[in-house]
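Asks: Here it is, the structure, as structure tokens.
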Amino acid sequence: MSTTVLVEPQARRPRRQRSAWGRGVAASLLLHAAPLAIAGGFWAAHPEMVHIPDQAFEVELVRMQAPPRPPSEQPPGPQQTEAAAAPAQPKPPIQPRLQAVAPANVETLPLAVEPAPTPAVSAAPPAPATTAPPARPAPPAAVAASAQTWEGTLLAHLERRKRYPVEARAQRREGVVHVRFTMTREGRVLSAVLERSSGHAALDREAVALLRRAQPLPKPPPEIPGDPVSLSVPVEFFLRSR
């Protein structure tokens with residue numbers, strides 16, 4: 001900061017007065033210039049720090065080109081390129097060596113064979129104590145005799161109820177008709193069919209009708225098995241001679 005002092009021209013003054021005035025002006029200038037000098041020295045020693053705002057800088061790296069190779073004096077030929085270095089082959093892993101260990105002396109013992117268990121035999125239940133002797137089957141001769149007796153009784157029963165057809169009698173028709181029938185053990189006839197014809201229809205019809213008309217038939221004996229009982233019987237038709 002500077003201070004300007006204006007000095008107005010004055011008329012001529014006496015020399016002594018002008019000398020005193022000059023000294024006063026010099027002292028005033030000195031007093032005003034001293035702070036300015038001190039301030040100027042301070043600012044010279046401590047310049048003002050100017051804050052520069054941050055700016056983004058972009059740096060571009062440019063690859064420098066290699067200088068051109070000098071021309072080769074060798075004759076032109078196929079250009080050779082350096083072969084790429086072969087990749088290093090990995091070393092095979094080192095396998096640890098296994099040492100065979102001799103087996104210790106092991107004493108082999110025979111296997112104990114367990115005997116197979118024997119199946120338990122169940123004791124037969126005791127036979128009931130009875131005083132009566134067991135029933136014995138009838139001998140074959142007795143069965144045959146009983147069957148013949150029953151068949152004779154059955155044929156006699158049918159003979160007493162047989163009817164000679166009038167037409168066959170007038171024409172003197174004779175013959176034997178075989179009829180197969182099924183009956184219950186109570187003597188009731190379930191079915192009757194012609195098994196063998198006599199050759200005359202009238203005689204055949206009478207033989208089949210006879211079985212149904214003659215029931216109840218004689219009951220079969222116990223020696224003849226079955227329920228129902230099936231059998232075949234002959235029915236005879238003969239005229240008496242005069």
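Each residue, glycine too, has its Cβ placed from N, Cα and C.
Taken from TrEMBL, the feature transmembrane segment applies to 20-45. According to TrEMBL, the feature region 'Disordered' maps to 66-95, 117-141. Annotation comment: TrEMBL describes 67-78 as compositional bias 'Pro residues'. Summarising the annotation, TrEMBL assigns compositional bias 'Low complexity' to 79-88, 117-133. Here TrEMBL flags 149-242 as domain 'TonB C-terminal'.
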Asks: Could you give me three numbers for the domain 'TonB C-terminal' (149-242), the DSSP helix, strand and coil residue counts?
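Replies: Going through the domain 'TonB C-terminal' (149-242) residue by residue, I get 30 helix, 26 strand, 38 coil.
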Asks: For the domain 'TonB C-terminal' (149-242), what's the model's average pLDDT?
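Replies: For the domain 'TonB C-terminal' (149-242), the model's average pLDDT rounds to 91.
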